[in-house]
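Report on one structure; see the data block that follows.
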There are 4 protein chains.
Amino acid sequence: MANDDANIVVNGIGTVGKRVAHAVKKQDDMDLYGVADVAPTADLRSNLEGPLEGTRLFCSVPDKVEDLEEAGFKVEDDLPSLLDTGKIDLVVDATPPEIDEKNKEVYEEKGVKAIFQGGADASIAPVSFNALANYGEAGDVDWVRVVSCNTTSLTRTLWSLDSNIGVEKAIGNLVRRGGDPPQDSRGPINSIVPVTHIPSHHGPDVQEIMPDLNITTLAVKVPTTLSHLHMINADLSESVSREDVLRIFEKTPRIRLFEAEQGYDSTAKIIERFRDQRLRYDMPEVAVWEETVEVEDNTAYWIHQVHQESIIVPENIDAIRAMLNLADRDESIRKTNDNLGIE
Amino acid sequence: MANDDANIVVNGIGTVGKRVAHAVKKQDDMDLYGVADVAPTADLRSNLEGPLEGTRLFCSVPDKVEDLEEAGFKVEDDLPSLLDTGKIDLVVDATPPEIDEKNKEVYEEKGVKAIFQGGADASIAPVSFNALANYGEAGDVDWVRVVSCNTTSLTRTLWSLDSNIGVEKAIGNLVRRGGDPPQDSRGPINSIVPVTHIPSHHGPDVQEIMPDLNITTLAVKVPTTLSHLHMINADLSESVSREDVLRIFEKTPRIRLFEAEQGYDSTAKIIERFRDQRLRYDMPEVAVWEETVEVEDNTAYWIHQVHQESIIVPENIDAIRAMLNLADRDESIRKTNDNLGIE
Amino acid sequence: MANDDANIVVNGIGTVGKRVAHAVKKQDDMDLYGVADVAPTADLRSNLEGPLEGTRLFCSVPDKVEDLEEAGFKVEDDLPSLLDTGKIDLVVDATPPEIDEKNKEVYEEKGVKAIFQGGADASIAPVSFNALANYGEAGDVDWVRVVSCNTTSLTRTLWSLDSNIGVEKAIGNLVRRGGDPPQDSRGPINSIVPVTHIPSHHGPDVQEIMPDLNITTLAVKVPTTLSHLHMINADLSESVSREDVLRIFEKTPRIRLFEAEQGYDSTAKIIERFRDQRLRYDMPEVAVWEETVEVEDNTAYWIHQVHQESIIVPENIDAIRAMLNLADRDESIRKTNDNLGIE
Amino acid sequence: MANDDANIVVNGIGTVGKRVAHAVKKQDDMDLYGVADVAPTADLRSNLEGPLEGTRLFCSVPDKVEDLEEAGFKVEDDLPSLLDTGKIDLVVDATPPEIDEKNKEVYEEKGVKAIFQGGADASIAPVSFNALANYGEAGDVDWVRVVSCNTTSLTRTLWSLDSNIGVEKAIGNLVRRGGDPPQDSRGPINSIVPVTHIPSHHGPDVQEIMPDLNITTLAVKVPTTLSHLHMINADLSESVSREDVLRIFEKTPRIRLFEAEQGYDSTAKIIERFRDQRLRYDMPEVAVWEETVEVEDNTAYWIHQVHQESIIVPENIDAIRAMLNLADRDESIRKTNDNLGIE
């Protein structure tokens, strides 16, 4: 570990935290000083016995140290004590909503910057973050919130069209997964559950980053664990062709085109590609089906897939660089992508 | 059985046929002369031992009579022979695509009118039918095709807005069920499968009935058996309020509003209402969630549920009346609804 | 309503309560005096606007009357006040576990007998009840617990073999549904969740009724809503043939054989039969697949299906008769079956 | 590539073939000379652009070369021509049932040994293979069939108990996955589908390897893609304790105990561990839940999980060594496990 690299702690080793911790380890301009959690979960065990082997473990709160130790974990210290040492530059907080609010008080007291996740209320941080759209805004603040998976995918695709062509009005129709693969207690098993107010919270959440975008979102939940899927229509400011839109998507980082014709014709089929290629079958890219990109009368249509567990991972890494002024936007995106194997 | 009532035969006692046969039985101006099928399926058995008890059974083709008899069914005759008698005024054909094409040749030879279902190619009949939108067109032809479940729901809702306000452009985002409840061999189990060309066939199918409507549809398939669900946005010709749209939906036959707030907040929850109230939990109405109806800048939004197995049942009954000139549109819709318990 | 019939109230109009209330209405020797609940649920609304139309509604607890009234329900009175009148002979309590414990105190204070459901701890009542196995025991007590759906199916099949042949040892392997159709929040979506202690609670629960039976049960939960399914092996006391077992099952009430060969070859396919024949597609019978009944070396094997929502309905009706001494076992079973359409 | 290593070709790069090819690459005493297929599937593309990058591609049959080339694949030659060169020591055939039968004729003509998979009829090869149970038998034959996933798991666990204690009689109750994750067209979506003859084919398939074992299997199919799960009861020849059984399982290769208490309490939860640790989340081990191992009156009970896609991978590698006399049983198992990261 180079002494002058930024020292990062990830608090909360669940779906997001374990991935971000692993991703921090893969960067060469920051160090994963340690991870923190409160309970001896399977996620914690599988990762400390796997890709996070050798990583220091801290207990998020002082009075849970014993729980972890009794379950066989070696605990270095509690997190507040660690933060007191002045060694830590930034905490990535991936704890559940409401817990993160309480944690923020601790970080504030200790004078350590922190990144929060999209499950938190937007008010937790002055900046809601997407690397492409507003990287620069994170440099001036102590708290940043990386927006949720669905919002990240909408922001990437709509920002690319808006900055290249102009978007007059966008409507996103979201088909969301019921739960992540190991979340056995979540449903539905055989039902479609609509969000019965329009817009769903996703549209306004995009507007936290792109305040001038006219966007409305509708959302439903379905019995699948692998991915979300969005059907989008966007009225564009100029007359463009379908090839223009494809070209813009192609050149935008973290948007990736897939050809259904090659056999990648469902969420499971695209996921299967990454089962063959990446640990956890992570897909931080938004996957757009090439054949679904259409333009008619200035309205662009497309369908994209969102891997809910990993799409926000590179955004967290970029947010770290942005907040600690380690690199500018394009350099950070390039570094993150290279280190995570994103083309 | 009154001698002067129209005599109807339903050919193909599967998902649609068993329901249409049962619905014909409930009308007072037509008689279910018999049903026809080729194989001793569970559907045939369950219905002849249930709501179709006592109905005459014919074998759709002469050379399968024995199969049915060996399985314990009493067969009156084969269908072509029955059609030769001149007793039958109309056949409702609910056989699978391609089989219906072959059957049409028989009906044509025997000089008997027929109704086909939405799985057939539009070219099978000069009129694609929806009771509200083009009842009158069925009176002059020998062949009518009742459009599919998704198309029927789109036509009902969009026709109601178009005829009352005017629809400039509509976009339907369809979340389709993978299979019907007993179709064990159909998936997906854990995947979302998009139609990867835009538009999906549903938009053009609506235009078979409403040729001037500007409509685009996108569609995906999900792991559920109970219902389809559509998220729709429609640009209207006039400035109206959400209450105006609600009022139009409310007064249009076979569109029904449900309040999520009352607990009817998913496809399964609405279906549960009809489990408590109707055989087969059939819901021939399009169910619109009241809370999802919004209007902003002349664009109307809503989410509706389509019960794929039963929504086309009343349309078949109305098509019979239209083709045999038994009643005008409004009288037929009223009669059908009364007899089927549709409010 | 005949004045001298037994007056029954059903408290808790959910999955079980709505069915039992409807079943009480269909009997000719007892009256459904009213139903009770605390919240304006969709179940309550769908049934009071459906098969329970006209039934008196009471509020289970005094301080929730307003909630019901504000939601548009007409409330006669609160339940404790009704019980004070002395008009009620018995309450069928179908409220959730723990609530039923509290309710029992009220029934006890008011001196009214009550039936509880299988979700309650066995200690709630001196008798755990199955009509076939221990009808007589309910005549002497004020509290009876009708055992759960899985236990009821195990008791029916094993009691039939034990009383006719003798069962040395039985092992039940239970594949349970994750949730009922409208329970959108329950999973799993894509996982199998084992009960990780052996035996699961079902074996001991059967022994509440058949204390001398040597039975072990294993159980897992899977992503389906329609039914449970059991794979059973039972060592018999005597050498019998597969035909002997079939004959015993056939003559035992509420066990029904289905032939997979006729197309009834999955849980959904059998359910589809009852969608065509009965409201709510209820199947209070245990469905045994005829082809799965095998005997080898004195061990009998079979697979049966359990409709979790309705199998306990006739048992509740019989428990009412048993507790109020309205009929003996065989007469009660016959009456219940006739009135519910069970062959 | 060392010149004297055995040269292996894998024919059929689907679920099994891609894994076996990848596993061959990881061994140090055999070389993956190439892979073969007939169509430009997503599996083929994802792997040649991923873990099989740089591997020679052959077309399984001469007349499909063009199909592959048009889809952008570089084809070295067709497989029959390759086999003519005499360079290939053994083909692992992972093509679908019936295709493998035809392929065998080619291998026979060319004089090359081959391994087939469990989907093939047992008659395809004189030896049905499991590394633990009958490694030695493969040394004398030209054709070996590695038994299916379910059979492999039953053989491992029952062989371990039978060889250490003795099994008088075993009954396996199998809960099978409906399809693999990318198999979108397979169901069921919401149903449990029993095998309606007893025994299912799994018991007799175990007896291909352990002919003296008294075993009966029952099986059902459920809506999940991740794993099979078995509930087993086995009458043992001697009185042993639960700890004895645990110790035997623990020391047997490729059986692995998991503690539900640590959070590994469902198939998805165990799979999640391997998402964090291994590509494709492969789990070639049989996973036994420690808490489910019980012994009562000489009957042992347990529940285990079978990862259908990968459990047969190490068996294929061992079968290669056995057939080519590259190592004895224990050495081969050790090498395979080491190279695949199996503890």
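Heads up, the Cβ atoms here are built off N, Cα and C, so glycines get one too.
Fair warning: this is a prediction, and the values are worked out from it, not measured in the lab.
Database features, via TrEMBL:
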type	residues	note
DOMAIN	D:6-149	domain 'Glyceraldehyde 3-phosphate dehydrogenase NAD(P) binding'
BINDING	D:THR15, D:VAL16, D:ASP37, D:GLY119, D:ARG177, D:GLN308	NAD(+) binding site
BINDING	D:SER148, D:CYS149, D:ASN150, D:HIS202, D:GLY203	D-glyceraldehyde 3-phosphate binding site
ACT_SITE	D:CYS149	active site, nucleophile
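Location within the structure of each feature annotated in TrEMBL.
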{"residue": "D:THR15", "record": "NAD(+) binding site", "DSSP (3 states)": "helix"}
{"residue": "D:ASP37", "record": "NAD(+) binding site", "DSSP (3 states)": "strand"}
{"residue": "D:GLY119", "record": "NAD(+) binding site", "DSSP (3 states)": "coil"}
{"residue": "D:CYS149", "record": "D-glyceraldehyde 3-phosphate binding site", "DSSP (3 states)": "helix"}
{"residue": "D:ARG177", "record": "NAD(+) binding site", "DSSP (3 states)": "strand"}
{"residue": "D:HIS202", "record": "D-glyceraldehyde 3-phosphate binding site", "DSSP (3 states)": "helix"}
{"residue": "D:GLN308", "record": "NAD(+) binding site", "DSSP (3 states)": "coil"}
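Over the domain 'Glyceraldehyde 3-phosphate dehydrogenase NAD(P) binding' (D:6-149) the predicted model carries a mean pLDDT of 98. Here the C-alpha separation of D:GLY203 (D-glyceraldehyde 3-phosphate binding site) and D:THR15 (NAD(+) binding site) works out to 24 Å. Checking Cα-Cα distances from D:SER148 (D-glyceraldehyde 3-phosphate binding site) against the binding-site residues (D:THR15, D:ASP37, D:GLY119, D:ARG177, D:GLN308) with a 10 Å cut-off leaves D:GLY119, D:GLN308, in sequence order. Cα spacing between D:VAL16 (NAD(+) binding site) and D:HIS202 (D-glyceraldehyde 3-phosphate binding site): 19 Å, rounded to the nearest whole number.
For the pair D:CYS149 (D-glyceraldehyde 3-phosphate binding site) and D:ASP37 (NAD(+) binding site), the C-alpha distance works out to 22 angstrom. Cα distances from D:ASN150 (D-glyceraldehyde 3-phosphate binding site) to the binding-site residues D:THR15, D:ASP37, D:GLY119, D:ARG177, D:GLN308 are smallest for D:GLN308. With the fewest other C-beta atoms within 10 Å around its C-beta, D:GLY119 stands out among the binding-site residues D:GLY119, D:GLY203.
Taking the centroid of the Cβ atoms of D:SER148, D:CYS149, D:ASN150, D:HIS202, D:GLY203 as the D-glyceraldehyde 3-phosphate site, the other same-chain residues with Cβ within 8 Å of it are D:GLY118, D:VAL147, D:THR151, D:THR152, D:SER153, D:LEU154, D:LEU174, D:SER200, D:HIS201, D:ASP205, D:VAL206, D:THR217. Every protein chain considered, the tally of other Cβ atoms within 10 Å of the Cβ of D:SER148 (D-glyceraldehyde 3-phosphate binding site) stands at 21. Sequence-distant contacts (6 or more apart, same chain, Cβ under 8 Å) of D:ARG177 (NAD(+) binding site) comprise D:LYS221, D:VAL222, D:THR224, D:THR225, D:LEU226, D:SER227, D:HIS228, D:GLN308. Once the Cα atoms of D:THR15, D:VAL16, D:ASP37, D:GLY119, D:ARG177, D:GLN308, the listed binders of NAD(+), are compared pairwise, the greatest separation found is 26 Å. The distance from the Cα of D:GLY119 (NAD(+) binding site) to the Cα of D:HIS202 (D-glyceraldehyde 3-phosphate binding site) comes to 11 Å. Non-local neighbourhood of D:ASP37 (NAD(+) binding site): D:ASN11, D:GLY12, D:ILE13, D:GLY17, D:LEU44, D:LEU57, D:CYS59, D:SER60, D:LEU68, each in the same chain, at least six residues away, with C-beta under 8 Å from its C-beta. One residue stands out among the binding-site residues D:THR15, D:ASN150, D:GLN308 for having the most other Cβ atoms within 10 Å of its Cβ: D:ASN150. In this structure the C-alpha atoms belonging to D:THR15 (NAD(+) binding site) and D:HIS202 (D-glyceraldehyde 3-phosphate binding site) are separated by 20 Å.
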